[in-house]
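Read the structure below first, then the notes.
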């Protein structure tokens, strides 16, 4: 993750004495625009290539795919990822979705979900499993449901139950949690309802020019012989699973690629699915021609992988105050320290960088999807255990070592080149700072000698495993899980594995799966940020350097060895058909008390005298004339309200064109579209406004357009439908 992390809080139950939510489903002040352009025909999404000509020799699977909105309220809630206290949600760049894939071989069933969220927290997973149990009984369980986050740093926080994470995102926030739970469950519901006979094909390729190792000094500490097995210090492989019906028509795609979703930087305040979400957007628009974003039957999931030390900011880091290279060892600048050392993407700004990286990932996945002809066949398995990661015993050669109680090192507070820390910490610190140690001791107490020795050479900033007020600061019981579909193994990992850590884990799992001598062609993929979040997992050698990733490897220097042991055990059980003999392990807690919320309650909304909610404050020009190659910006501002309480699955924005034949308005864009941006500004005296931007492409159809904004307000009245205010027209 691109900064020191702490998480958020939870909203307390809403007092029943508060004013009732007053909904304005405003077709609010509509702005009409005449857009005069030369229409260039847009190429419709290509049809799926025909299925392989050879007659399938294997029984088909039952396959279901589903997608559902999980955006949440885009106002005032901290965004999860950079741990910037000032990075509060204030609008929508793109909407967030959960994408579910269900496969059934007639005997067993597995579910894989990739959601546009920073990571899957333990609390989020437990709430989803509870909701699934209510609906489906024992059909969907902890062993056969894997949840993975794309690692966007611009989704809402507030979905954790451990204190450190709650502190960084203002607590546990039900208004943030519920849309995530509902969206994930709904995507599984849709996939469940849509199950049909189908086939799966796989393909692997390489994508260069879209990722960069942000801790090359740590990577170089790995054994030379090991490094020489690989051409690059990042995993450039893209793995694609293609899902079709029995006629060969595509119904979905799953892809894995290792890169941080941090093209949108820490200055952004709009909810955004970032580069991985943009890849999904492009693929789904391609395969669902004529549909609005988030609609259409084809579902394209782009999942995270071993991205721990991998950035999309491929121009690399430099000191923004001097334009000179940062210090190689600690990623800092002579003046300004780590904050001045920033890495940049390929575009002129974060939006263009997001578009470029997302488009690169999409194009490679689309190519592999078209070429995928190796059918996935065979039985389905799922193996899962809960593990207490604070004391896993591992035998290394002739010695025995163990994991540690969780702790974060000093370099954790330095952040990364994707977003440096605000204080005078630097990466690569193997000695503690007496000043900060004194502050720590006064606030939370010093680490025990045992924990310090266990984590050596990490200088401990916070001994989170020894702090339990008001709740434990970090999880101790975590999930390890593998699901297999034929010859494809999806290893769901609880955090951010670095490049080399991921390579070692894939190799260990593959070795065990192939130990029976029957199948020698396993495709093993890592699904990052899955089921529970435990920060980073470096190799033992990388840990010694103590850059950000090593300082954030919370269970100590032998964390990777413990995971290798545990996941190898799952793979062995699958290979030997002994999954039923695996002990389930100790169940994680589900805290009911002491969840706190630091988010201020929403106040009543106000508007200026003699005005209505939704009035247009800044009109558009009557005519826009884009050239054949330029993008023009249209912007309109509305008098609006506070968006903490929302009607879900509804857009705040529509761009509509007038159809002269039917004399009706047709929606061409929503706030899920790449072309729109919705900015919300919290004004003074409880008066807010919103600005809607439409970035008009050169290919836009000539005609008359209008922009509508839909919102809600909170007033001391019963729930009442309000007649929308008058519509303003311009020509």
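Even glycines carry a Cβ here, placed using N, Cα and C.
What TrEMBL lists as Zn(2+) binding site is 151, 260, 496, 536. Cβ neighbours within 10 Å of residue 260 (Zn(2+) binding site), excluding its own Cβ and spanning all shown chains: 30.
Residues 227, 233-234, 236, 258-259, 309-314, 316-317, 328-329, 343, 357, 360-361, 416-418, 427-428, 498-500, 538, 541-542, 544-545, 547-550 of the same chain lie 6+ residues outside the compositional bias 'Polar residues' (210-221) yet bring a C-beta within less than 8 angstroms of a C-beta in it. Look at TrEMBL and you will find 210-221 tagged as compositional bias 'Polar residues'.
According to TrEMBL, the feature domain 'Neutral/alkaline non-lysosomal ceramidase N-terminal' maps to 61-565.
The average pLDDT the prediction assigns to the domain 'Neutral/alkaline non-lysosomal ceramidase C-terminal' (568-715) is 83. The domain 'Neutral/alkaline non-lysosomal ceramidase C-terminal' annotation in TrEMBL covers 568-715.
The region 'Disordered' annotation in TrEMBL covers 205-229.
Taking H, G and I as helix, E and B as strand and the rest as coil, DSSP gives the domain 'Neutral/alkaline non-lysosomal ceramidase C-terminal' (568-715) the counts 14 helix, 54 strand, 80 coil. Note on the binding-site residues 151, 496, 536: the fewest other CB atoms within 10 A surround the CB of 536. Across the range of the compositional bias 'Polar residues' (210-221), the DSSP-based residue counts are 4 helix, 2 strand, 6 coil.
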